[in-house]
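First the structure, in the form of structure tokens, and then the observations on it.
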Amino acid sequence: MTPTPVLKARGLVKRYGHVTALDGADFDLMPGEVLAVIGDNGAGKSSLIKALTGALQPDEGTIELDGQPVRFRGPLDARRLGIETVYQDLAVAASLDIASNMFLGREVRRPGVLGSVFRMLDKKRMREESAANMADLKIGLRSLTQAVETLSGGQRQGVAVARAVAWARHVVVMDEPTAALGVKESGQVLDMIKRVRDRGLPVVLISHNMPHVFELADRIHVQRLGRRVAQIRPQDHTMAEVVAIMTGALTVDETGDTVIADSQAAKAAGVQAH
Amino acid sequence: MSTTTAPEREAAAPPPAGLRPDWRALTTHPTAGPLAALVVACLFFTLQNDQFLSGGNLSLVVQQVMVVGTLALGQTLIILTAGIDLSCGAVMAFGTIVMAKLAADGTLPPYAAIAAGIGVCALFGLANGALVTYIKLPPFIVTLGMLNIAFALTHIYSAEQTITDLPGPLTALGQTFPLGRTDITYGSVLTIVLFLVLAYALSQTAWGKHTYALGNSPDVARLTGIRTTRLRLGIYTLAGLIYGIAALLLVSRTGVGDPKAGQTDNLDAITAVVIGGTSLFGGRGVVIGTLVGALLVGVFRNGLQLMGVGSIYQTLITGGLVILAVTVDQFSRRKASR
């Protein structure tokens, strides 16, 4: 028997006027896996992710979390249910320090009168918990009272990832976490994602970077023309084949074999059915 | 800068994230520059004129700074959200006329008149905030419009007349008590208390963190679950309320409701905020810096006056200070976002 997907969607539809961004999209995230979501521009990748994290409300379709139907009216609903998202460019507040960013919107107040009447933050506790979280992910930083704008791009992304991981009870969604980073910093973020997976937390990774996808993903969800066209395992296919599936040159049948859908395109891409 | 080499070192051997405060942050603290300038200015003027450091003179500086300083406090909140409020001086002027007229006419008891004046200012703040948050108009334009509206209402409602014979409660904050050899006004104490309360709120509460986050990036703030609309609306309203308190301070200092008072105070308030190290781009700055900025402007004007420098030259120098402060802000921002 297959385990219940952590996050599951069936038949998601989202239309913007004449444009159909999601056209009956399905989605399955299994426990403890890194699932890469790939697709060409306009394939409905970001609409799918937004629907799953509450940033948009689909016109049709259902979403289930741990087998229970859920309905997100906004990103906060998804967050309350333990789905945390690391947004590409909108991750951290630049002038605030690391601990403040980790607890932004979820601050901890001092116990007693100081907290209840004077609304005083428990900075010490927030710093300690942040330090523990950062250490768990092996993110080395001199001081948690540094403003995040003084950090490198990779370290900033590290803060965003650590925050998501610290609060996520079910799923961490990362939207292009390495898009803005150099090679070495990307490597640090990839290591971080592996550590997240090793803790048993499933990760949805949206990425354009095929080598990163192949390095990290347990499974790949290929989105095309507003729906899921394939779910594959990276070890079964070459990168060229995956790209061909993404562009529609190849399709995948029920048994997981690839079928040539567009022989000219497949020839041009240098891939064959198997 | 050691930060350029730090990532490599840390990647090799990540140390546990430190819990100690970063002491070097003190040298880059936004208030460090203006505070140093204030100390140097005080030393300079003391050497130039032995009257400068006398209790009477310092008390005068504080009284002169009090009104603009309080306005600048409200202004700081708005600038922290990456906004600007051109209407603060005019709103304050309208507040003084409302409270002075209602009290002098006997329409309302003195304390109710004070509350009405402060309330009107808070309503102006709320209106500014609503236009900025709900209709998404640029703060510059909204508050420019509100500046004209408040200015016109001040002159219409006062019928261009200065209101005199104000009841006691309106001027109570202008009374003094002795502290050592200096006479301190109650209003100065109120101003200091307001600064301390807001310094606390900005640095020690979640509201403060949210305010900075909003100024850094409204989108980041919203996505982390901060209710940005309500927050911004509250900040504009609070700023208006503070302008109302500035109005009471102005009335108590001058003893009259003067429709022509406070005309250029909006620019003086922005000057104090900027000199105090708060970034016009939002998300960076502290209110104590604004207090230092306001004092710095006050000390310059007073010191130059004692030296016999004409007031137009004082304005000239203030202008130079503003440009210097913004230049320093630009450079530190560039360094930070490198």
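Every residue gets a Cβ built from N, Cα and C, even glycine.
Some features that TrEMBL has for this protein:
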| type | residues | note |
| --- | --- | --- |
| REGION | B:1-22 | region 'Disordered' |
| TRANSMEM | B:31-48 | transmembrane segment |
| TRANSMEM | B:84-104 | transmembrane segment |
| TRANSMEM | B:111-131 | transmembrane segment |
| TRANSMEM | B:137-157 | transmembrane segment |
| TRANSMEM | B:184-202 | transmembrane segment |
| TRANSMEM | B:233-251 | transmembrane segment |
| TRANSMEM | B:272-300 | transmembrane segment |
| TRANSMEM | B:306-328 | transmembrane segment |
Surrounding residues of the transmembrane segment (B:233-251) on its own chain - C-beta under 8 Å, 6+ positions past either end: 66-67, 70-71, 73-75, 77-78, 80-81, 83, 85, 88, 91-96, 99-100, 114, 117-126, 128-130, 132-133, 166, 170-171, 173, 187, 190-191, 194, 211, 257, 261-262
When counting Cβ pairs under 8 Å to the transmembrane segment (B:184-202), the leader among B:31-48, B:111-131, B:272-300: B:272-300
Stretch of maximal Cβ-Cβ contact with the transmembrane segment (B:111-131) [cut-off: under 8 Å; candidates B:31-48, B:84-104, B:137-157, B:272-300]: B:84-104
